[in-house]
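Accompanying notes for the structure given below.
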Amino acid sequence: MPPLGLLHMRAWASLFSRLLRPPGVVCIREVHFHSQVSEAVLTSQLKPQHEKSNFIIKTPKGTRDLSPQQMVVREKILDMVIGCFKRHGAKRLDTPAFELKEMLTEKYGEDSGLIYDLKDQGGELLSLRYDLTVPFARYLAMNKVKKMKRYHVGKVWRRESPTIVQGRYREFCQCDFDIAGQFDPMIPDAECLKIMCEILSGLQLGDFLIKVNDRRILDGMLAVCGVPESKFHAICSSIDKLDKISWNDVRHEMVAKKGLAPEVADRIGDYIQCHGGVSLVEEMFQDSRLSQNKQAIEGLGDLKLLFEYLTLFGIAEKISFDLSLARGLDYYTGVIYEAVLLQTPAQAEESLNVGSVAAGGRYDGLVGMFDPKGHKVPCVGLSIGVERIFAIVEQRMKTSGQKIRTTETQVFVATPQKNFLHERLKLISELWDAGIKAELLYKNNPKLLTQLHYCEHTGIPLAVIIGEQELKEGVIKLRSVASREEVAIKRENLVAEIQKRLSES
């Protein structure tokens, strides 16, 4: 029998001896034995750790760390996006990273299989949130909120095959803006499209186009083409793949995998090749088949009004009515939209094929799915594809060789002499108290050249230098790191002079 098995047998013998022993009597041999057992068990637990020679330290598939340089770029993008949301009067909201599983099921159609389920010791069935829209709808229903304009920035999780080079991950950040409430038609929808244009223009990603459609037009088109109503969601999901695969592949999926008649698929193909502006809306009004469908006519009427408002906002030329746009999520009920970047052939060779960079639409029935009485709160919103935008910006910065500052330090406190740590600490405290971003080296006696090299390497614009002579004269040397020019400033005027220079830079 192996040694550990022998120890187990002796442990049982020890247990019986304790049961028969009078209370309060301790056996020294037993204490020593238990020490041996503990040591043997601990050794057996630790030993495999030392033998993991093939252990690889890495992040889970579909996730990544973000370096300080990457975080600087990311924060600039998020600041610009959030600034736009605030400019349009949105309030910030946050929700838990995970929800009750039943809150998320049957909200995403075929994509429901991508939801991450969690094991919970408390008896609740939980899932990581798939997007920020469903939690928002749950929040509105739970708190009986009938009207709200909100934005939400947070991580979501999807169990899909990641394509890191295209900015697709299993864990990623979403930036959402939504308007909840009963309002006159298409005014909130037009504002959402205006926000998309403002953000994409502000980020200077290049020329872009926003495709729009309406789920009522889409459903009407499927009906007049001969698609059974029971297959609407499945066929919409196939059409939604047109930005990733060819029409022939989509048609094959509809016919071979989803049982659609070939002639029905061909009729769909005739429609989804149509795209244009308000003139196409007018043309669809005259279509012999589509004009007979009540749902489609309602959708076309709203799109006509939407283009009227988009013209007033000055963004109609950025919008294309595209009958191929489907947006596979089940909860959309009206207008849907998706923004894509337009590239010249030269740009296409250099850049990433990231797909859409923003998307959204109207979902009037989602809140009612959570309300016990089914009370609806109409909603419309958008989501900015931060990870995809970040992938584009990051690649462009690598191509250009642009250097990124990872700190915002404005002033470095230096000394040319030994035993001046106390004076440096007093001086930097004054700067911090005045709201100035300042640093020093964590050494008692650093060399001046080392300190100045640190300023140049990290891009700190100003340095203040204190030594014996400055201390006697009641001044501080203020050095411009870029030009290396130095001037003596009275100690009491130092903060004001620094603030003046920083405001001018």
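The backbone N, Cα and C atoms fix where each Cβ goes, and this holds for glycine too.
Since this is a predicted model, take the numbers as computed values, not measurements.
Copied from TrEMBL, the annotated features are:
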DOMAIN    62-416  domain 'Aminoacyl-transfer RNA synthetases class-II family profile'
BINDING   Asp131, Leu132, Thr133, Arg158, Gln174, Asp178, Arg327, Tyr331, Tyr332  L-histidine binding site
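The L-histidine site in the record is lined by Asp131, Leu132, Thr133, Arg158, Gln174, Asp178, Arg327, Tyr331, Tyr332, and its two most distant CA atoms lie 21 Å apart.
Remark: of the binding-site residues Thr133, Gln174, the most isolated position is Gln174 (fewest other Cβ atoms within 10 Å of its Cβ). In sequence order, Asn213, Arg215, Cys236, Asp240, Ile336, Glu338, Ala359, Gly361 make up the list of same-chain residues 6 or more apart from Arg327 (L-histidine binding site) whose Cβ falls under 8 Å from its Cβ. Per-residue pLDDT, averaged along the domain 'Aminoacyl-transfer RNA synthetases class-II family profile' (62-416), amounts to 91 for this model. When other Cβ atoms within 10 Å of the Cβ of Tyr332 (L-histidine binding site) are tallied across all protein chains shown, the result is 24. Same-chain residues at least 6 positions away in sequence with a Cβ under 8 Å from that of Asp131 (L-histidine binding site) are, in sequence order, Val156, Gln174, Asp176, Ser383.
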